[in-house]
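Engineer: Swiss-Prot feature annotations, pasted as is:
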type	residues	note
CARBOHYD	Asn107	N-linked glycosylation site
CARBOHYD	Asn110	N-linked glycosylation site
BINDING	His132, Asp303, Glu339, Glu340, Asp385	Zn(2+) 1 binding site
BINDING	His210, Glu339, Asp385, His388	substrate binding site
BINDING	Asp303, Glu339, Glu340, His479	Zn(2+) 2 binding site
MOD_RES	Ser356	phosphoserine
CARBOHYD	Asn448	N-linked glycosylation site
Amino acid sequence: MEEQREILEQLKKTLQMLTVEPSKNNQIANEEKEKKENENSWCILEHNYEDIAQEFIDFIYKNPTTYHVVSFFAELLDKHNFKYLSEKSNWQDSIGEDGGKFYTIRNGTNLSAFILGKNWRAEKGVGVIGSHVDALTVKLKPVSFKDTAEGYGRIAVAPYGGTLNELWLDRDLGIGGRLLYKKKGTNEIKSALVDSTPLPVCRIPSLAPHFGKPAEGPFDKEDQTIPVIGFPTPDEEGNEPPTDDEKKSPLFGKHCIHLLRYVAKLAGVEVSELIQMDLDLFDVQKGTIGGIGKHFLFAPRLDDRLCSFAAMIALICYAKDVNTEESDLFSTVTLYDNEEIGSLTRQGAKGGLLESVVERSSSAFTKKPVDLHTVWANSIILSADVNHLYNPNFPEVYLKNHFPVPNVGITLSLDPNGHMATDVVGTALVEELARRNGDKVQYFQIKNNSRSGGTIGPSLASQTGARTIDLGIAQLSMHSIRAATGSKDVGLGVKFFNGFFKHWRSVYDEFGEL
């Protein structure tokens, strides 16, 4: 479809803008080359799954932290005429009676984008896709300084979720995240995003097996998984003693001067101007299409940049189709932080950004309070999170007829004990949505002797009262530093989510009072 072609072209341009700015002549040449390539290769979504997979790989590589991901989506939304609304502002004058396309951001890591039709009313509810954008990572400690160990420079870090295990050893790790700084002569604190890619600045070395039992693990996460960042010599460039000006930074003494100088240079500020920082370590190796028949996509941080990416691209594709002056629908993608550590933060699913957006935007739109109970009773929330592909090396852990395989379609997550929010009506609704959109649906449920993971689904269901359905794109090697999915699965996710926005209201109406 034409609108999906335009989205892919814009996505490519946005990804390029987030790297090195080319010269004008090179930029024109590249744009002409892209246009020609797109004219030859891009027709409709179903025939270009590999193109979408490659765009996803580039997106993952160029946006290694949650801050970068949300910033990227914000820029993409800007380019597609979504209007930014500050949470700190009054929305009454920003959302008119004609509705429109909007987004807001909390903490730089929690984003909600929405489309509000002119003819919407409370009885029409809201069509929601909720996902999480955080991924397992390693965090720099507030005081990361460590004395050198026989000349080795090291930094103190802490696991975010289930990391700093054997899977993180011997990986090329970059560093990136958000810096807060205050320029000299001003009182305004600003932020900057930094990213060392493609340079791996550190590594957590394993112990050779020749040393016997100490090399076997498990390893102490405090003392045996410390990243090594260098082996500096006294006379090398950049190893000069800290200057009096550098000592003025609140971070001086908390982090090694080499690291402070490095990240300050990335941000284009001076060490003395640094106020605070939130930095992650991450695998810098770029993802790739793999398998002898190109059936797979291998990349880091799939959980859950996978569903987040597919959902946001689907919303933007849908926005190209919808005329807000004629529409009676309210559609949103809301992306959360901190799912991997329980969601109980202001930027997590339990922080209530979705509920806030619906309440504030609906009352600004109607110019009067809206009965939110009516809104949520008529709404559908898709809790989109990755689930588990069948691993052929461990067939005994899977429930027969309840596991997905690659490159087939979206997977419903089911659990009779409430770890997933999907109910029988939700299952039937998804199957009908898939039928209308030409998609296939797979099931995933654990065996009785296994434990279930969790999603944001039960939280959103209990906080809103809306019917909530847990589903997602399936992957192998969940919570590994590198994982895999089907090479068609990103595109299949975009296709299904786009169909959800188009059809959810008419399908849900068929269920009446159920």
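Counting begins at 1 with the first residue displayed.
Backbone N, Cα and C atoms are what each Cβ position is placed from, and that goes for glycine too.
In terms of burial and nearby residues, how do these features look in this structure?
Structural biologist: The Cβ neighbour count for Asn107 (N-linked glycosylation site), using a 10 Å radius and every protein chain shown, is 19.
Within its own chain, Asn110 (N-linked glycosylation site) has Val70, Leu335, Tyr336, Asp337, Arg346, Gln347, Gly348, Gly351, Leu353 as residues 6 or more apart in sequence whose C-beta sits under 8 angstroms from its own.
The number of other CB atoms found within 10 A of the CB of Glu340 (Zn(2+) 1 binding site), across every protein chain shown, is 19. In the three-state DSSP assignment, the secondary structure recorded for Glu340 (Zn(2+) 1 binding site) is helix.
In the three-state DSSP scheme, His210 (substrate binding site) falls into the helix class.
In this view, Ser356 (phosphoserine) is surrounded by 14 other Cβ atoms within 10 Å of its Cβ, with every protein chain counted.
In the three-state DSSP reading, Asn448 (N-linked glycosylation site) counts as coil.
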Engineer: Which one is it: of the binding-site residues His132, His210, Asp303, whose Cα lies the shortest distance from the Cα of Ser356 (phosphoserine)?
Structural biologist: His132
Engineer: How would DSSP class His132 (Zn(2+) 1 binding site) in three states?
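Structural biologist: Looking at the DSSP assignment, His132 (Zn(2+) 1 binding site) belongs to a strand.
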Engineer: So around the Zn(2+) 2 site, Asp303, Glu339, Glu340, His479 aside, which residues have their CB within 8 A of the centroid of those CB atoms?
Structural biologist: His132, Asp134, Ala135, Leu136, Gly161, Asp304, Met478
Engineer: Could you check which of the recorded positions Glu340, His388, Asn448 is the closest Cα neighbour of Asn107 (N-linked glycosylation site)?
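Structural biologist: Answer for the nearest of the recorded positions: Glu340.
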Engineer: If one looks at the chain holding Glu339 (Zn(2+) 1 binding site), which residues at least 6 apart in sequence have a CB under 8 angstroms from its CB?
Structural biologist: His132, Asp134, Asp304, Gly348, Ala349, Asp385, Thr455, Ile456
Engineer: For the binding-site residues listed here (His132, His210, His388, His479), which one has the lowest count of neighbouring CB atoms within 10 Å of its own CB?
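Structural biologist: It is His210 that, of the binding-site residues His132, His210, His388, His479, has the fewest other Cβ atoms within 10 Å.
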